[in-house]
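Q: Take a look at the following structure, please.
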Amino acid sequence: VRFPEDLEDDNTTFNPEYSHQVFGDDEVAFGYKGLKILLYYIAGNLSTLFRIEYTSKVNEKFDCVEADDVESKIREIIPPGFCTNTDDFVSLLEKEVNFRPFGMLLHTYSVHNEEAGEDITYQIYKADMTCPGFREYHERLQTFLMWFIETASFIDVDDERWNYFLVFEKYNKDGATLFATVGYMTVYNYYVYPDKTRPRVSQMLILPPFQGEGHGAQLLETVHRYYMSSPTVLDITAEDPSENYVKLRDFVLVKLCQDLLCFSPGKLMQGFSQEMVMEAQQKLKINKQHTRRVYEILRLRATDMGDAEQSRSYRLDVKRRLIGPYKKKQRELAKMRRCLRPEELTNQLNQIDLNMQHEQLEESFQQLVSDYRRVLERLAQA
């Protein structure tokens, strides 16, 4: 909500992708007709208005059943201090002109908005719990995780090893410049013996109204650039990354790596090298596993897949990596031959069909190439 009229404007409304963490696996609230759970957030500081509406509700006295206590379920995830009536919320909205982003400004960029016919400015900040008001703001911000990340959990903000990176949009209201929350990322700094840290991306969310505009890539690249300048950082990883995050990371890391000398077309055609691993880690804080994916994407770009020899060489190179888990199965099978009785061995062999392995390997390769091509298409448009 930026203006009072947004409260009645369905265009500013977006629905949760998940609600199982609040309402159980069936995602059902029992006992209501026409139930609406309404959560409004002021665009900048995320002050909250919470209301429930319904046309009718079962009654324990007459229907002998009790409706779910929807209000207490929502109260468990939104911090206290929220508004319950519109007038209080609108009076808070009038004070929004005083809100400023928390922490240190890291990056400013603009995105052209077709609808508005102008460039809109965005800024990325790094914050921590010492910033006045940030703890309370973060409590409100993290409530979005429950609706948009499938396995979300709230973090321990008293642990000083957390870093917070925030994206804001600058907008004008009555001649003043205001800020709207776009998204954020939390990163945990793990200790690596003897004197390094390994930042690990924990949660990343761009709010639905801003998705598909490139903010995730801007945020991830900014975070990488922030840690790249630190001599104590070994490399940057992610905790249990989703498919979408892996695709985003592929794009950002390829964009960062493509100008390194070790990834020149001539060197790419000679195969994956220790030089690539060293340079990517030292200059860009990218680990070996991610560097290997960057190499495969850039080598695909340098390969003429219409040329039979080049195409075969690329396919074999990628499949040699993909076959690792299958080779592990073969080693396990060799152990089984020595240890298992014949009937047990037959049972295990049925699970490790070689033809099926070849089919799965080819399927994995084709899916990977398809994902890599999408990264290269996006890179060409960047």
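Using N, Cα and C of the backbone, Cβ positions are placed for all residues, glycine too.
So TrEMBL lists the following for this protein:
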type     : residues : note
DOMAIN   : 3-150    : domain 'Histone acetyl transferase HAT1 N-terminal'
SITE     : TRP162   : site 'Interaction with histone H4 N-terminus'
ACT_SITE : GLU239   : active site, proton donor/acceptor
DOMAIN   : 249-300  : domain 'Histone acetyltransferase type B catalytic subunit C-terminal'
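If you look at the structure here, what lies around each of the features I listed?
A: Within the same chain, residues at least 6 positions away in sequence whose Cβ sits under 8 Å from that of GLU239 (active site, proton donor/acceptor) are TYR188, ARG200, VAL201, SER202.
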Q: So if I measure Cβ to Cβ from TRP162 (site 'Interaction with histone H4 N-terminus') and keep only same-chain residues at least 6 apart in sequence, which ones fall under 8 Å?
A: ASP128, MET129, ILE155, ASP156, THR186, VAL187, TYR188, ASN189
